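Quick look at what Swiss-Prot annotates:
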| type | residues | note |
| --- | --- | --- |
| SIGNAL | 1-15 | signal peptide |
| REPEAT | 44-51 | repeat '1' |
| COMPBIAS | 45-79 | compositional bias 'Gly residues' |
| BINDING | Gly46, Gly47 | Cu(2+) 1 binding site |
| REPEAT | 52-59 | repeat '2' |
| BINDING | His53, Gly54, Gly55 | Cu(2+) 2 binding site |
| BINDING | His61, Gly62, Gly63 | Cu(2+) 3 binding site |
| BINDING | His69, Gly70, Gly71 | Cu(2+) 4 binding site |
| DISULFID | Cys163-Cys198 | disulfide bond |
| LIPID | Ser214 | GPI-anchor amidated serine |
Amino acid sequence: MLVLFVATWSDLGLCKKRPKPGGWNTGGSRYPGQGSPGGNRYPPQGGGWGQPHGGGWGQPHGGGWGQPHGGGWGQGGGTHNQWNKPSKPKTNMKHMAGAAAAGAVVGGLGGYMLGSAMSRPLIHFGNDYEDRYYRENMYRYPNQVYYRPVDQYNNQNNFVHDCVNITIKQHTVTTTTKGENFTETDVKMMERVVEQMCITQYERESQAYYQRGSSMVLFSSPPVILLISFLI
């Protein structure tokens with residue numbers, strides 16, 4: 001009985017000293033995937049998280065962030081041509097066409113300016129036929145006049161006479177070029193209409209001219225000059 005007890009005790013001691021298979025960092029399941037090729041590893045082939053063949057995060061074949069096949073940010077082929085687009089050419093101001101502005105000097109007319117558009121005046125010609133003819137054809141007559149600065153004339157009559165002649169001439173030439181002709185009645189009515197418009201233009205220009213002159217006299221007076229010098 002004593003011999004049997006000693007043999008059983010020895011077997012139990014040997015069992016406690018034997019290593020258990022499949023522990024941490026042994027031939028069993030391991031993490032991370034290093035060591036025995038037969039182990040159950042995750043990831044399976046030594047790459048980073050989500051990398052079948054190695055590379056950065058989310059990169060099937062290597063490259064920068066979010067790049068399936070390499071290259072810079074947001075570029076499939078690695079060339080930086082997304083940020084170097086040529087700027088659009090600026091519009092050439094010489095190619096912008098426009099009508100002559102009111103008050104601007106008209107080229108080719110020797111310093112004449114084009115006045116602002118006016119409403120054609122209501123004129124009575126003394127008989128029903130001409131009155132009716134004017135009402136029906138007034139849209140064919142000018143609503144702007146050509147003129148020179150008032151300081152180039154001695155009086156209103158000279159200004160108006162020159163204004164009427166150049167305006168009717170220019171309007172007739174322009175309209176005839178378009179294939180429309182004027183009768184004697186048209187010319188008579190245009191003279192009356194344009195004359196009234198030239199008188200209105202003279203009054204506007206004279207008022208503006210004298211206002212500019214008054215301002216110059218005011219600012220050139222000695223008290224005002226002294227006051228401005230003191231303020232400066």
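Residue 1 is the first one shown; counting continues down the chain.
Glycine is no exception: its Cβ is also placed from the backbone N, Cα and C atoms.
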On average, residues of the repeat '2' (52-59) score a pLDDT of 46
Take the Cβ of Cys198 (disulfide bond) and count every other Cβ within 10 Å, whichever protein chain it belongs to.
24
